[in-house]
Structure formats: C-alpha cells, structure tokens
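Per Swiss-Prot, these features apply:
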DISULFID  78-89  disulfide bond
DISULFID  128-136  disulfide bond
DISULFID  138-155  disulfide bond
DISULFID  208-222  disulfide bond
DISULFID  210-217  disulfide bond
DISULFID  282-313  disulfide bond
DISULFID  298-308  disulfide bond
DISULFID  312-352  disulfide bond
DISULFID  328-343  disulfide bond
DISULFID  330-340  disulfide bond
DISULFID  335-336  disulfide bond
CARBOHYD  31  N-linked glycosylation site
CARBOHYD  38  N-linked glycosylation site
CARBOHYD  88  N-linked glycosylation site
CARBOHYD  299  N-linked glycosylation site
LIPID     214  O-palmitoleoyl serine
MOD_RES   274  sulfotyrosine
MOD_RES   281  sulfotyrosine
SIGNAL    1-22  signal peptide
C-alpha cells in the first residue's frame, strides 16, 4: 500500500513539474532577491528554472534583476486585482511550490500565466527606457507621422526588446525537451502567455509632455509608452471571467485546442483557455487549492463579488467596529505647506463566518 501511495505521489509531482513548472520563476522573489547577478555561476543557485532558462540567465545576467522585479510585481498585481474575489491569488506566494489552483490547468492558472508573461515583458521594456539595462535603450521612434502640434521625442518603452526577451524566458519551459507535462498543458500555457503579451501590446499608447510659455502647451513632445500593470491586469481579469474551457483533440493532421462546449470553431487568439473547472473556493480544501473565505473581509453594501452574500457563500458574516486615525481639517499656508489635525473615526467592518 505504501508503495502504491509513493507511486501516486511521484506521478503527481511529475505532472505538476510540466504544468506549474513554467511559472516557477515567480519563486525568484525568494532566492533571487539575495543574488548579486555578477557571476554566471549564480544561475545554478536558482530553483525552478529549466536548463534553457538557466542558459538565458548565464547569457543575460544583467537582465535577471528585471526578472526578479517582474516576479514581485506579478505577485503583487495579481493579489490586488483579485482582492475582491473568493479566489484572491494568495496562493501565488507559494511559488515555486504551487497548490492545485495553479498547477492543474485551471482558469486561475490561465490568468497567472498571462499576467506573468505580460509583466516580465513590461518590466524589461520599462527597464530599457529608464537606462537600467546596458543591452537596450529607448524604444524606436514611431514610423507614423506626428500629428499637428506635437513631435516625437522623449524615451519610449522598448516594447520590441521586452517582448523578445520576455517570451524567450517564460515560454522556455513549454518548449524544453526536458520538461514534463502533457502536450495539452504545454499548448494552453503557451497560448495564455501569448494572450498576456497581446494585451500588453494593445496597451501601448501615445504619451505627451507640454512645452511652452506659462504652460501654454504650444508644442508637445510625445512618445510611445505602456500603460501601468493594474490596467493590463484588469484587462486580463475580464478575459479570466470569460475564459474558455478547452479540450485537446485531433483535427485533421494535427492536435489542437478547441472549445469544449462549442468545438465547431478553433480557440480565439484573444481568449484565455483552461482545461479543468475550478471549485467555488468557498470552503477550505487543500486538495483543490482552496483557502476558503472564512474570516475574509466583505462589503455589506456591495452587490459585486466582494459583497458579504457572495464572498461568504451564504454562511453569513460577523460585524465588528474599528477606530481609525486620519488627517482632517487641513489648512494650506502660503507658502507652501499644509497643516492637518488628526481625527478619530469609528467604522464598522464585516468578516465572513
């Protein structure tokens, strides 16, 4: 019996290594933050990287601090984006040892893959523009003719370099011959990575700075810049809510992903996809990667996902009061400072039973 249990455990580990291993680099916030990144030997110290990622690390040591920064940003942004949902992305902090919510091809893992992919390319593109990387600089001057009243200038985010280096790093586990996992899981991971990068590309916009006497803005200098990560994460959250469950089946001479409920069409390049349905995340169940919602803060007056009715799954909630101190009765004095008083206010909070 013990031997059977050992075999089942080993099988689960092997399956997970092919699926969740592709985002194990998010665990670099644990061991990568303490590395100086000045020797190629440092790349061997990192857990969770496939050989191809280790080689990228050795060839691009200067890039690795951006990778660590991206891992931090991806975790933080995910938790902020889902703070009002039953699944609040808290499990991403377990990286590189993920729970089933992020290791079984779920809707949640689709979001995290897409966000992580977008975040790394975003971080690298911004690092180029800020002069943090010696291997790249500002983005290329746009080919389009500038409009009336503005000229191209400034230092735009280097999206081209960010996409090239970011995709090479995050897609490596799915393309590695030494990684485990099924062809289906590799395909959905690559697909969701690409969706994240597409949302990032779509966020590129023209940003401008005014020049002129007394702020008249007679001339504007403009450049192409990416929107901030919270905007990109919210776009991906919309895709998460409308994600498509897929199957991996033979179509003609090759296997491809098709929607499970509507398999008459191929999967759209713009939609997130997943293989396994998620639990409702109401009750704590480690086997499903659910932390439950007991003791989660809820909003009594909301009708959205953070409402006490939805967040608490109908179990009810407890109320308590809290005294907060905040600035009040602020006055501006010429010139140039503000003086405020401190006021106490009692607020009522609600937590799920």
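Using N, Cα and C of the backbone, Cβ positions are placed for all residues, glycine too.
Location within the structure of each feature annotated in Swiss-Prot.
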residue: 88; record: N-linked glycosylation site; DSSP class: coil
residue: 128; record: disulfide bond; DSSP class: helix
residue: 136; record: disulfide bond; DSSP class: coil
residue: 155; record: disulfide bond; DSSP class: coil
residue: 217; record: disulfide bond; DSSP class: coil
residue: 274; record: sulfotyrosine; DSSP class: strand
residue: 298; record: disulfide bond; DSSP class: coil
residue: 308; record: disulfide bond; DSSP class: helix
residue: 340; record: disulfide bond; DSSP class: strand
Seminar exercise, completed: Spatial hits near residue 328 (disulfide bond) (Cα distance within 10 Å) out of the recorded positions 78, 88, 128, 222, 336, 340 come to 340
Problem set entry | residue 313 (disulfide bond) versus residue 281 (sulfotyrosine) - Cα distance in angstrom | 9
Problem set entry | Closest of 210, 222, 312, 313, 352 to residue 155 (disulfide bond), Cα positions, disulfide-bonded residues only | 222
For this session: Enter the number of other CB atoms within 10 angstroms of the CB of residue 274 (sulfotyrosine).
Result: 23
Exercise. Under DSSP, is residue 210 (disulfide bond) helix, strand or coil?
Worked result: strand
Exercise. Which of the recorded positions listed here (78, 222, 274, 298, 343, 352) have a Cα atom within 10 Å of the Cα of residue 210 (disulfide bond)?
Worked result: 222
For this session: By CA-CA distance, flag whichever of 89, 138, 313 among the disulfide-bonded residues is nearest to residue 340 (disulfide bond).
Result: 89
